[in-house]
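*Asks:* Below is one structure. I have some questions about it.
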Amino acid sequence: MGADNQTWVREFILLGLSSDWDTQVALFILFSVTYLLTVLGNVLIVLLIRLDSRLHTPMYFFLTNLSLVDVSYATSIVPQMLVHFLAEHKGIPYVSCAAQLFFSLGLGGIEFVLLAVMAYDRYVAVCDPLRYSVIMHGGLCARLAVTSWVSGSVNSLMQTSITFQLPMCTNKYIDHISCELLAVVRLACVDTSSNEVAIMVSSIVLLMTPFCLVLLSYIRIVSTILKIQSTEGRKKAFCTCASHLTVVVLSYGMAIFTYIQPNPSPSVLQEKLMSLFYAILTPMLNPMIYSLRNKEVMGAWQKLLGQLSGLTSKLAA
């Protein structure tokens, strides 16, 4: 840019959660443990699905994708945050900041579309069980998964491009734990109304549209479950959806609260807490929710542990 006050910023400074050293060390320990649990939980879920042939179904194919998205999302934010807890200089290069925004925003969008796809899978399983295997064939599952990844990535590429075309002047302090979209846009020294419109449109397309599809799916699912005569049948049908429904409430609820609301915008503290929720809490909870609330997954865990126990006994003999 020509004028001195319109120069490109080469590095941003992330202000993070706290400037107190003792607090930062405590947060480093807490989030290190949480991140390790997140990676371990999601990797184990993926391995379990791969190893147990009983889990080679559309539902668990999509769950594999969800676990990969969760661990990737956490990895796009948490390691850098952990480094900054112990670093005196909390800078992040301009290019690294753009990359972080691209990956975190893209993976978030992928998860929202993927949750809608999983809701459709549950809808077919409950409302049209006799044709489930015919409708949810491998080709359709692959196309739905690819659509999720492509739509989230394309949206992120567009948002990242228009955000980092904004002149930041000398503004380089990001009051956030990462290069989050709203936090970066606030640094611009020009009118950002077009960016705010783009964010709103993006939120409607990749957040509210999938959410409405999930809502419609569950209205049909609940309607079908209520028509089932036996209590055991209703309980079984509900159990097939319980894990997914829990994840849906957690993910969509917090995102809608952050991005779809009338002015004033959420406070900086709210935005930080939301980012922590998506980067740390949700990716850690999802494997637990699907493990503890799902009999098939619990059965697969018991089978795997039994096999490992038997192998250990043979080696020790």
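Just so it is clear, glycine is given a Cβ too, placed from its N, Cα and C backbone atoms.
Sequence annotations record features per position, and here TrEMBL assigns domain 'G-protein coupled receptors family 1 profile' to 41-290. Feature annotation from TrEMBL assigns transmembrane segment to 25-48, 60-78, 98-120, 132-151, 197-216, 237-261, 273-292.
Situate these features within the shown structure.
*Replies:* A mean pLDDT of 86 is what the model gives for the domain 'G-protein coupled receptors family 1 profile' (41-290).
When Cβ-Cβ distances below 8 Å are used as the criterion, the transmembrane segment (132-151) is approached by residues 58, 61-62, 65, 109-110, 113-114, 117, 120-121, 124-125, 206 of the same chain, each at least six residues removed from its ends.
Residues 109, 112-113, 115-116, 119-120, 151-152, 155, 158-159, 162, 181-182, 185, 248, 252, 255-256, 259-260 of the same chain sit 6 or more residues outside the transmembrane segment (197-216) yet have a Cβ under 8 Å from a Cβ within it.
Nonlocal intrachain contacts for the transmembrane segment (273-292), taken as residues 6+ away from its ends with a CB within less than 8 angstroms of a stretch CB, comprise 31, 34-35, 37-38, 41-42, 44-45, 63, 66-67, 70-71, 73-74, 76-78, 81, 104, 108, 176-178, 180, 243, 246-247, 250-251, 254-255, 257-258, 266, 298, 301.
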*Asks:* Which bits of the chain, at least 6 residues beyond where the transmembrane segment (25-48) starts or stops, bring a Cβ under 8 A of a Cβ in it?
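*Replies:* Those are 17-18, 55, 63-64, 67-68, 70-71, 74-75, 78-79, 81-82, 85-86, 280-281, 283-284, 286-288, 290-291, 297, 300-301, 304, in sequence order.
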